[in-house]
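As recorded in TrEMBL, the features of this protein are as follows:
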- B:7-29: transmembrane segment (TRANSMEM)
- B:60-78: transmembrane segment (TRANSMEM)
- B:85-104: transmembrane segment (TRANSMEM)
- B:110-131: transmembrane segment (TRANSMEM)
- B:143-164: transmembrane segment (TRANSMEM)
- B:184-203: transmembrane segment (TRANSMEM)
- B:234-260: transmembrane segment (TRANSMEM)
- B:272-294: transmembrane segment (TRANSMEM)
- B:300-319: transmembrane segment (TRANSMEM)
Amino acid sequence: MRDEGRTQAAILAVRGIGASVGGRTLFSDLDWALYPGEVWAVVGPNGAGKTTFLALLAGLRRPDAGEVTLRGRPLRRLRREEIARHVAYVPQSPGSGPLSLEEFLALGGLASGLAGAALRRRVEQAAERFGLGGRLKLPVQALSGGERRRAYLARAEVQDAAAYLLDEPAADLDVRAAWEMFGRIRAWAAEGRGVVFVTHDVNAAALVADRVLLFGGRRDAALPVTEPGRPSPAAEAGLPDPAPAPTPAVLHPTALQAEAIEGAFGLRPVPVRHPLANVPQFLYPPIRPGPY
Amino acid sequence: MSRRRIALGYAGFGLFALAAIAAGLWWGAARLDAAPPGTPEGEWIRRIVWELRAPRVLTAFWAGAALGLAGSALQALFQNALAEPYTLGVSSGAAFGAALFFALGGASGLGAGGTALAGAAAALFLVQLLVRLSRRPSAEGLILAGAAANAFFGALVSLLMVFAGEELRAIVYWLFGSVAGRSWPTALGLGGLVAAGFVGLYAERRRLDALLFGETAALAVGVDVVTLRRRVAFLASALAAGVVAAAGVIGFVGLVAPHVVRRFGAPMHRHLLPLAALFGGGWLVAADLIARRALAPRELPLGVVTALIGAPLFAWLLVRREALSGDDRDAR
Amino acid sequence: MRRRTSGHRFDAGAVRRAWALALLFGALWLCLGGCQNGPSPGAPPKGADDGADREAAAIRLVDATGAEVALPAPARRVVTLLPSLTETVAAVAGVGPLVGVTANDTYPPEVRTLPTVGDMAVDPERVAALRPDLVLAGRFHGTTVVPALRRLGIPVFVEEENARTFDDVYRTIRNVAALLGEGKRGEALVARLSSRVQAIEKAVRAVPEAERKTAFVLLSPPPDVYTAGGDTFIGAVLRAAGVMNVAEAAEGWPLWSAEDVVRADPDVLLLVVGEGEAKRWIEALRRSPGLSTLRAVRESRVVTIDADRISRPGPRLVEALVEVVRAVYPDVVVPEGVGGG
C-alpha cells in the first residue's frame, strides 16, 4: 500500500495479516499503516472483522498470518507495558469497577510511570476535556453509559499515547457528546497522534476521518435490498462462506460512493453532500413496511 | 475518596486491631490483675503471658492478616467478591499437603509449610483449570470449581486419616484451626511471611486496580495479565499455605476482611491491602479470644468460630451475587 | 501509603527483588517456626509448699518421645492430660498430687472436682496457670501443648497413650510412680496386677481348645462398625482372656465390614459402651439388617463392657480382664487377687 521508506515513520503497520473467527475468514493478506496525524475510520457491517482488526493492532490477539509492527518492531515481541506506552485502546464494552473516576483515570499513567502531581494534573485535564470535571469523586459504577464511555476515552487521553484505537467511541454518546468526542479525535491528530476508530456510521467516518478502511466488501450488490444486515445464506446455514474474503478497501472520504457502501452493507443509500463540510453523506432510502 | 475518610480508615481499622490484641493479651486463664508484678505469683503470670499468650495472639493476628491479604488478592484475580482461600479450596489443598507430610512421619514446620504450599498451588491451579474448561468465568463457575477442589482435597485428607489412624488425631484438631500453644518462632515466622507477601502484593497494587475493570481494560493500560495472575496466585497460595501450616484451616476471614474494607470505601489496593490485613488480623485475634473464653475451660476450634460468623455472611453475599466488576463484556 | 507514592513506576527489577525477598523471608521464618527447640533448661516453678530439702532426690527419666525429663524433687503438683494417667497417679499416690485434669476425667470420682484444662484440646495457658511441677501428657499432645509448656520450664513427661500390651501399662505405672517419688508403691502395684493377670491367664488356659470362644468387638453403635485390632490394649485383654478376636490380624481401630462379621459369625459380640448407652446400642443392633442375623445376637450372647475401664490402659486393666472373662466364660472361676480389682 505504501513504500518501504515510509514504513519506518509509521506508528503501527500491518503486513500480510489475516484473521478468521470460527473457521470464517474475516480478511486476509492485508497491508496497512498508521502515520502520525492521521485519522482512520474502520467501517463495515456487523461481523465484518472491524473489532478483530482493532484487537490485532492493540496486540490483544495474534493474527493468523502476517505481522503487526509498532514503530517498526514486531508487536508480539513487546511487553504489554511497552505497547501501552505507545498505544491507547478503548474497548467496545467499557467494563465497570468499584474505583472512583479519579482513581480509574489515574490507571492511564500506569505504563508511562507518570505519578504524583503531574499525574493528577493530567487526570483533571482529561476529565475536563471529556466533560467529566464534576464527576471525579464518583465511583465508575455510578456513572451513566455515556459517562462511562467518556471515562474510558479520558483514560486513553491520560495514557498520552502515539496511537489511539477506539472501538465504537460514539456508542452510548448523545449527539452533542459524540460531536465533541470527534473534535477531540481531530485534536489528537493535530497533536501528531494517529487515531483509528471503528464505527458503523458512514457519515461520521466521512466527516471525521482522513481515510476510511471499508470492511465487508464481499457482500455483493445482488443481495436483496430488503434484507439489510442479514448474514449470507451460507453463513446462516453454518457453512463456510464460499466467497473469498477480499482485503478491505481503502477510500478517501470524499471518494465515498453509494455503490461502495451498498457493496459493504447490502443497502444502497441516498447520497447527498454536507452543505458546510462539503463531504459526501448518505441518507436511508425511504422506509417501507416489510419483514426483518 | 477523600483523604479524611482514608485517614479515618487507617485509624479505625488500626485501633480495632490494637484493641483486639490488647484484649487478647489481657484475658486468659491466668489473670494479669490477679497478682502485682514483683511477687512470685505475678512474675509467673507475666511469664505465661509472654511465653504463651503473646505468641498465640500474634500468630492469630498474622494468620488473619495473611488471610485478609490472600482474600483481597484472589478477589481481584478472579474479579469475584466470593473468592478467598477457603471457598476456592486453596486451604483444603494446603491442608492436604501438610497432612500428607505429617502422615508420612514428618515433624518439621518447614517441611509442612513446603508441602502445604505445594497443595495450595495445586488447588489453585485446579480451580483455574476448571474455570477455563467450564467456559463459564462467572461467579457461579468459580464457586463451583472451588467447591469441587474443596471436596476433592477434603476427601484426600479423609483418606489419609483412614490409613494413618492414631497419628492423625492431632491433625483433625489442627484442621479445625487453632493457635493454641504457638511459639515465638512460629509467630515471628508467620509475621515474616506476611510482611514478604504484603511487599509482593503491594508492588502489584495498581495492576490489581486495573484488573478490577476486566482483563481487556487492564491489558489496554499495559498490564501483563498473564504474568500478574501467576505472581498473585503464587503469593496468595504462599500466604494461605503459611496460615495452614501455622494455624490450621480457617475459613471466611479472607472473604469478610476485604469485603468490609471495600464497603468502608477503600477499593484501591494500596489501601485495601493494608486495611484488609489490619482488619483480618484483628478479627482473628478476637475470634481466638472467643474460642478461648466462650466455653472455658473448653476451647472451641478457631475455624469453627470464624465459620459461625463468616458462613452466614458468605451465604448473604452469594444470594446477592455481588460481583466485583459490574459487567465485563469485553471485545472478543 | 500516602497519595504521593501512588504513581511509582513499575520496573521489573524491583518486582523481582521483592519476590526474592518474599521467598527468602518465607523460607527463613517457616524454618524458624518449624525448628522448635526442645525443653528449655529452666527450673520448674517453685510452689509455695516446696521445701529446699528435697533437692537431693533428683529424678531423671526418658519419656516416650525420647526426651529426658529431670525433676529436682518428686512431683507434688501434677496436671494430667489423659484419663489413664490420672488413674495411674491416683493408684500410686492418691489424688493428693493432682492439681488439674481434663474434662474427660471421671475416675476416681474425686477428680471431677479438680480444675480442668480443656478436653481433647488442651489450653497450655490454663495448665501453666495451675503452676504444676509436672505435666503428664500423651504423644497426642506432642505437637503444640508439650513444647509450649516446656518453653516455660515446666517438666512434661510424655507417655504412649496407646498401650499395646500389659507390659506397656506396667511401664507407665513404674514411670509415673518414679516421678512421684513412689517407686516402691509402683512396684508393688505392678507385682499385684501382673500376678493377678497371670492367675487369670492360667485359669482360662484350663478351658478346652474346643470350647474356646471367638468374639467381635464393637466400638461404635451400628450401622458404623469400628473394632479393635490385635495390636491394641483391647486386643491384649482379649488374648489374656483366651478369647479369639475376629480382628486379631488388623492394626489399630479399623472400620470393619458388617458382611465380614456375619461371615465370621462370632460366638460373642462385645460392645464397648459408655455409661447408660448399652440399651440404645442393643436396639440398634437388633434393627441392623446385617448384624441382627448373627448367632450371637439371636441367641443373646451380646456382652457390654464399660468403655472407661477397657479403653483406658491404666491400673483398672484387671477389672476389664475380669469383666471379659466372666462374660465369655461364665463357668471359669476367676481367682481372687491379693487386694486387687
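Backbone N, Cα and C atoms are what each Cβ position is placed from, and that goes for glycine too.
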Distant-in-sequence neighbours of the transmembrane segment (B:184-203), which means Cβ under 8 A and at least six residues beyond its ends: 51, 54-56, 58-59, 62-63, 65-66, 69-70, 72-73, 109, 231-232, 235, 238-239, 242-243, 246-247, 269-270, 273-274, 277
Of B:60-78, B:85-104, B:143-164, B:234-260, B:272-294, whichever stretch has the most CB pairs under 8 A to the transmembrane segment (B:7-29): B:272-294
Stretch-level contact, the transmembrane segment (B:60-78) and the transmembrane segment (B:143-164), CB cutoff 8 A, at least 3 pairs: no
Contact set, same chain, for the transmembrane segment (B:234-260): CB under 8 Å, 6 or more residues outside the stretch: 59-60, 62-64, 66-75, 77, 81-82, 84-87, 90-92, 94-95, 97-98, 109, 112-113, 116-117, 119-121, 124, 173-179, 182, 186, 189-190, 193-194, 197, 200-201, 272, 276-277, 279-280, 283-284, 287, 302-303, 306-307, 309-311, 313-314, 317
